[in-house]
Amino acid sequence: MSSLLVDDIGELVTNVPTPGGGPLGLRRDVALLVEAGRVVWIGPARYAPAADRRIDAGGGAVLPGFVDSHAHLVFAGDRAAEFAARMAGEPYTGGGIRTTVGATRAASDDDLRDTVRRLRDEAMRQGTTTMEIKSGYGLTVADEARSLRIAAEVTAETTFLGAHVVPAEYAGRPDDYVGLVCGPMLTAATPYARWVDVFCERGAFDADHARAILTVGQAAGLGLRLHANQLGPGPGVRLGVELGAASVDHCTHLSDADVDALAGSAGADEPTVATLLPGAEFSTRSPYPDARRLLDAGVTVALATDCNPGSSYTSSMPFCVALAVREMRMTPAEAVWAATAGGARALRRTDVGVLRPGARADLMILDAPSHLHLAYRPGVPLIRQVLHNGVPQCRL
Ligand SMILES: [Zn+2]
């Protein structure tokens, strides 16, 4: 069995809390051994075992790969003109989703596949080693199923989002569309999906619709996630906590009751994570979520890109970390944790977002001595190498 030693590590972020290492579990003067796609040993560099191959981290920081728990990659076309109009002062309403639905339905499987793989590779070069991918631009039984089938070719974390928006052919008949989502569309999607998600927002799906879809999705064996409280206050966050969702995403407009509900779940075995998506606020020029309020209340917070062609066309987790620090007053350590271990919590994964023996050998090596540089040097391509399942992704 081939082994790979990563050494000359300037700082190792393990996300295994230690007395001196804080919540990131920082360690120095250590090396890390990989075998068969797993971390098998971490210890003092001077005791590093012999290995078949070696990667010299050159004194750079080594972190778990980013876990991007919220992305919409299965689409066709782009909406650059809509972005330009928004930057010129037009408000974001979510209505542009229908533009992408038209282009996606018209696209071939290969076109969709090329886009998914291109964006997945783009994300990987920026350190993302686990990526959730949603459907939601097909909105017919056949198009939702093919979106998930294509997503499942590149990730295990696939999410059925038939309830993204009511498609034009169901205008004025949302109950009929929800019936389709809960019936034949769910049946066609389930073989390719791990999760079910609903865009619970004024103008999309209300709490009754969301509850109906999540309940039948759960009965079909899918885990629950929710787009909630993005554009205004609403029932989504509390509904997600009540139903035991793994994550409620956006959380931009929260009441005290919403924060209390999330904090109340924090002590549970499987808490509901608040996943913040600052790329969406950046790209729609909207106020950012109040991350400090959530963190101070003890809520588990994740960061994700929301990569999609309308409201957040970035695949960059380092960019989201920098936004979280600068605009949402998270500390660099909190932001790095939220983008790695937090994302893993949001996907209920224990094998990623952490570096310890037994974990998947998903990691990144920075051209910088510390995780601080991810926020301190925004926009700079600091990621020199990425290991996914123990396999180096970048040519050195
Ligand atoms: Zn989204």
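From the backbone N, Cα and C atoms, a Cβ is placed for every residue, glycine too.
All annotation found in TrEMBL is predicted automatically rather than curated by experts.
Positions annotated as Zn(2+) binding site by TrEMBL: His70, His72, His227, Asp306. For His227 (Zn(2+) binding site), the same-chain residues that are 6 or more apart in sequence and have a Cβ closer than 8 Å to its Cβ are Asp197, Val198, Phe199, Cys200, Glu201, Ala204, Gly236, Asp249, His250.
Among the features that TrEMBL reports, Fe(3+) binding site is placed at His70, His72, His227, Asp306.
Residues or ranges marked as 4-imidazolone-5-propanoate binding site by TrEMBL: Arg79, Tyr137, His164, Gln230, Ser311. For Gln230 (4-imidazolone-5-propanoate binding site), the same-chain residues that are 6 or more apart in sequence and have a Cβ closer than 8 Å to its Cβ are Glu201, His250, Thr252, His253, Ala280. DSSP classifies Gln230 (4-imidazolone-5-propanoate binding site) as coil under the three-state reduction.
A coil conformation is recorded for Tyr137 (4-imidazolone-5-propanoate binding site) in the three-state DSSP classification, outside any helix or strand. Annotation source TrEMBL lists N-formimidoyl-L-glutamate binding site at Tyr137, Asn308, Gly310.
With DSSP states grouped into helix (H, G, I), strand (E, B) and coil, the domain 'Amidohydrolase-related' (248-371) comes out at 50 helix, 18 strand, 56 coil. Taken from TrEMBL, the feature domain 'Amidohydrolase-related' applies to 248-371.
Highest Cβ count within 10 Å among the binding-site residues His70, Arg79, His164: His70. Each of the binding-site residues His72, Tyr137, Asp306, Gly310, Ser311 was assessed for Cβ neighbours inside 10 Å, and the highest tally belongs to Tyr137.
With respect to their backbone Cα atoms, Asn308 (N-formimidoyl-L-glutamate binding site) and His70 (Zn(2+) binding site) stand 10 Å from each other. Using Cα positions, the member of the binding-site residues His70, His72, Asp306, Gly310 nearest to Arg79 (4-imidazolone-5-propanoate binding site) is identified as Gly310.
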